[in-house]
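**Student:** Just lifted these from Swiss-Prot, have a look:
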REPEAT    38-71  repeat 'WD 1'
REPEAT    78-119  repeat 'WD 2'
REPEAT    139-175  repeat 'WD 3'
REPEAT    199-233  repeat 'WD 4'
REPEAT    289-331  repeat 'WD 6'
REPEAT    395-473  repeat 'WD 8'
REPEAT    517-592  repeat 'WD 9'
REPEAT    601-662  repeat 'WD 10'
MOD_RES   S662  phosphoserine
REGION    670-694  region 'Disordered'
COMPBIAS  678-693  compositional bias 'Polar residues'
REPEAT    722-782  repeat 'WD 11'
REPEAT    791-843  repeat 'WD 12'
REPEAT    848-901  repeat 'WD 13'
REPEAT    915-938  repeat 'WD 14'
MOD_RES   T957  phosphothreonine
MOD_RES   S964  phosphoserine
REGION    980-1002  region 'Disordered'
MOD_RES   S982  phosphoserine
MOD_RES   S989  phosphoserine
Amino acid sequence: MMKFRFRRQGADPQREKLKQELFTFHKTVEHGFPNQPSALAFDPELRIMAIGTRSGAVKIYGAPGVEFTGLHRDAATVTQMHFLPGQGRLLTLLDDSSLHLWEIIQRNGCAHLEEGLSFHPPSRPSFGNASFPAGLTRVTVVLLAAGDTVVLGTESGSIFFLDVATLALLEGQTLSPDEVLRSVPDDYRCGKALGPVESLQGHLQDPSKILIGYSRGLLVIWSQATQSVEHVFLGNQQLESLCWGRGGSNIISSHSDGSYAIWSTDTGSPPTLQPTVVTTPYGPFPCKAINKILWRSCESGDHFIIFSGGMPRASYGDRHCVSVLRAETLVTLDFTSRVIDFFTVHSTQPEDGFDNPQALAVLLEEELVVLDLQTPGWPAVPAPYLAPLHSSAITCSAHVANVPSKLWARIVSAGERQSPQPASSALSWPITGGRNLAQEPSQRGLLLTGHEDGTVRFWDASGVALRPLYKLSTAGLFQTDCEHADSLAQAVEDDWPPFRKVGCFDPYSDDPRLGIQKVALCKYTAQMVVAGTAGQVLVLELSDVPGEHTVSVASVDLLQDREGFTWKGHERLSPHTGPLPWPAGFQPRVLIQCLPPAAVTAVALHAEWSLVAFGTSHGFGLFDYQRKSPVLARCTLHPNDSLAMEGPLSRVKSLKKSLRQSFRRIRKSRVSGKKRATTASSKLQEANAQLAEQTCPHDVEMTPVQRRIEPRSADDSLSGVVRCLYFADTFLRDATHHGPTMWAGTNSGSVFAYALEVPAATAGGEKRPEQAVEAVLGKEVQLMHRAPVVAIAVLDGRGRPLPEPYEASRDLAQAPDMQGGHAVLIASEEQFKVFTLPKVSAKTKFKLTAHEGCRVRKVALATFASVMSEDYAETCLACLTNLGDVHVFSVPGLRPQVHYSCIRKEDISGIASCVFTRHGQGFYLISPSEFERFSLSARNITEPLCSLDISWPQNATQPRLQESPKLSQANGTRDIILAPESCEGSPSSAHSKRADTMEPPEAALSPVSIDSAASGDTMLDTTGDVTVEYVKDFLG
């Protein structure tokens, strides 16, 4: 009998084929700004840009939607990058002095980035590396000369030449420091070495000439054609960088003392002793080094000199600046993060006599800024991608699918009004290389991110490029201490240097209480709820015109004067009084302040009923924002929940208190074994456990899915935290009358269901009558294992989730089945369970017991469309665990469909930030500035599909080492595993390019159907199941 019960059932081939058409797993694209960038390159012919990172990632960007991603096999920092112009090839230098050649190749109509060749110099050339010269140790600088030669400058001062086609050393072409010193006067040598090679620059007109700069200050023009030194410049100041003038008649050098010098190359063959111009822009006091300098000529005669660094060391040495000098105009661009590199977009054709720069692109540690150099004032150019998601730290996120076109246009219009008009740029985005082959998205998707500074940002998440649309700020509603400090700081600011704040990255929050914790948006009424750290809940409405009005303020006491609790956390925010001006966009109408002012942990918005529900660690409330009056307040604190009153900044238990509670638990466990109450439920649990122990033979091989779910103590810390809130029109009173309900789930496994009396709207009217809403407690369910309730959803008579407010009434979704019996799906951290309504009796359950310690973290209902049939789709439950695994279950049967490894289990922040979409996709943070996008749907995939117009040279075809797929992320999981065993190939989708390693889901998951005929003895199996729910019916 036992062998029969634990035997796995065979897979249905038809169902497995259908799974292939519905589900597949892809990590598709990384949205946002690369984490910890370290190198920058630009191809002026193809108009593409590359960014390298400290984790070894390579990212190439062109026009919006044109993206390529690669990852070096060794997690080393990319220190330099150089494009082979017009070839779609990129040379990277890592901090281990290895060189790597990447190529963009065409395959199946789309372009891909692959690593072709690599060059690894020996770490100790004198030992067993006779083929390598002794001076080839640490590479300090790389130059691509004459299109087919790689020039390497080293720490020893030697210069080596490699063939681009093979990355092999060219024999007999090494330039040693001794050979250079022979061209230098004796009095300059002074017995000192030249130092490392600091800079290598190729001549724009004559590719055979190379400008070499050594650390000590010596500059040399080397001719590859004659293999000789053509000119020597005897600099004495430590060198930082070099740049040729357009025609090659001048050289500009920058130095460690904050100065730059201009040298003339037309002085003949003798060594040049002095530069023609030496300037310290921010002198005369000691200045920091000018790290990089560019000289760009203009047809008008006023040339550009652009450099980073050089600030006065004592007063502004901590500033991150790039200075732009043209004629008598000097602007000091002041950034909030470190400058990595910069380049100009200018004319590079040899026949053009001038550079005529169009734009300046500055790569910073936390953002990319592009300035228009052709418009007076040099304004910033709005970026269509690479926006810094973390301009203020992300605290929450949400996704809104199928946004109506009218609402989309209104949000875009509000965002366009936010950009400063006087400094608007006439220049379009200058990085326009490649062609986006992806089709226009069939629906618009919004990604909403809440931030630490009290802002909510709206992003266009419809395609590959995550485009900023609109920013909502809530800080203006409240009085903060920073307002006076800001005005003083602006008054003290000097006129010199001429600083200009550039960029939007601002890591500092004015007040930590402003942080956004939860966001909800009704896409049909353009109403929104934003909840924050200090218990503030804002109800906002989209307005197309600016306005001035007073925001209604209401307080809701969640403790309800309960004695014995004293709040020790932060104070609530003080709102401004009186009418306030509001720009076009989302404008606040009502402010609800929870008491105590703890962080809001859950919100729900029902615009059709004009209700908003909110929860904290103390309880939950219901507010009627049409009448601007509270409807309900319920405290969920347990008498021992003192930790909830201490606030987020004082949650450290004393050792004395911890020891006392430990001894109490030991004493309680001993006593409970002797004096356990002999109730009917406890007798049933004891009988189940005894029967399981007696009937289970020890030699039976059990599936590794079964684990006893231990009931948690009712007095666990923070058991009153409200985890989820939900509105539904369903059957709660009886099986014949349905009506509005509100559901709340807590950390202690409690579920509260309220029947609401909401006045019905008149025929054709949008708003309901001005009558009070009433709430009556209908059911109270206590999960016996007391696991936190993560999500609640009501299913209609067909087993489908109820539509969103206004979806059915506006014929935007199929009306729910209100004839058959409804059911409620309750997802806790340990199991999923479906209960019938209105009796709340268990129908189906699924215990998530794949591994010890496995817990549910995120849950969402999603629609998965078939790739073979336009009309077939299934609604399933997507689940992310604390181990980083994603599971998909059927609804309402709760049968496992697929199981993938998505996020590393050590990546706690990534798991906590995950957001599922309604169409089987998801987002999670792989760094503070990047979202990883993934897809569980075989049909709904958003990934880069692009191409480059490249004329390949004949010898460009080289053996490939490896393709760098989009799945090999610098910050994510490298391996994609776990899916049904019978699905041996990837689905027959045009987007499916990879076959995943499969594994039978039964090895990790086990469904139980309580209503089935064979379920009688399943409840008495070896799990020792104690999950008998306790249900109170207050309406019976």
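Glycine is treated like the rest: Cβ placed from N, Cα and C.
Note that the coordinates shown come from a computational prediction; the quantities given were computed from them, not determined experimentally.
Can you tell me where each of these features sits in this structure?
**Tutor:** Within its own chain, the repeat 'WD 1' (38-71) has Cβ neighbours under 8 Å at 29-30, 77-83, 85-86, 88, 90, 92, 94, 102, 104, 111-115, 340-343, 345-346, 348, 361, 363, 368, 384-386, 429-436, 438, 463-465, 467, 944, 946, 948-950, 964, 966, 968-971, counting only residues six or more beyond its boundaries.
Under 8 Å from some Cβ of the repeat 'WD 2' (78-119) lie the Cβ atoms of residues 38-46, 48, 50, 52-54, 56-58, 60, 68-70, 72, 137-139, 141-144, 147, 150, 152, 162, 164, 166-168, 348, 434, 437, 945-948, 950-953, 956, 958-964, all in the same chain and six or more residues away from its ends.
Counting same-chain residues at least six beyond the ends of the repeat 'WD 3' (139-175), those with a Cβ under 8 angstroms from any Cβ of the stretch are 80, 82, 84-85, 91, 93, 97, 99, 101, 117-119, 121, 132-133, 193-202, 207-208, 210, 212, 214, 222, 224, 227, 955, 958.
The predicted model assigns the repeat 'WD 4' (199-233) a mean pLDDT of 90.
With helix defined as DSSP H, G or I and strand as E or B, the repeat 'WD 6' (289-331) counts 4 helix, 24 strand, 15 coil.
The DSSP breakdown of the repeat 'WD 9' (517-592) into helical (H, G, I), extended (E, B) and coil residues amounts to 0 helix, 42 strand, 34 coil.
Same-chain residues lying 6+ beyond the ends of the repeat 'WD 14' (915-938) with a Cβ under 8 Å from its Cβ atoms: 20-36, 366, 388-390, 393-394, 397-399, 401-402, 445, 447, 461, 466, 858, 860-867, 878, 880, 886, 888, 898, 900, 902-903, 907, 909, 969-972, 987, 989, 992.
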**Student:** How about the repeat 'WD 8' (395-473) and the repeat 'WD 9' (517-592): at least 3 CB pairs under 8 Å, pairs 6 or more apart in sequence, or not?
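**Tutor:** Judged by the Cβ rule, the two regions touch, with the required three close pairs present.
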**Student:** On the DSSP side of things, how many residues of the repeat 'WD 3' (139-175) fall into helix, strand and coil, could you say?
**Tutor:** 0 helix, 21 strand, 16 coil
**Student:** Would you mind splitting the repeat 'WD 11' (722-782) into helix, strand and coil residue counts from DSSP?
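**Tutor:** Grouping H, G, I as helix and E, B as strand yields 0 helix, 34 strand, 27 coil.
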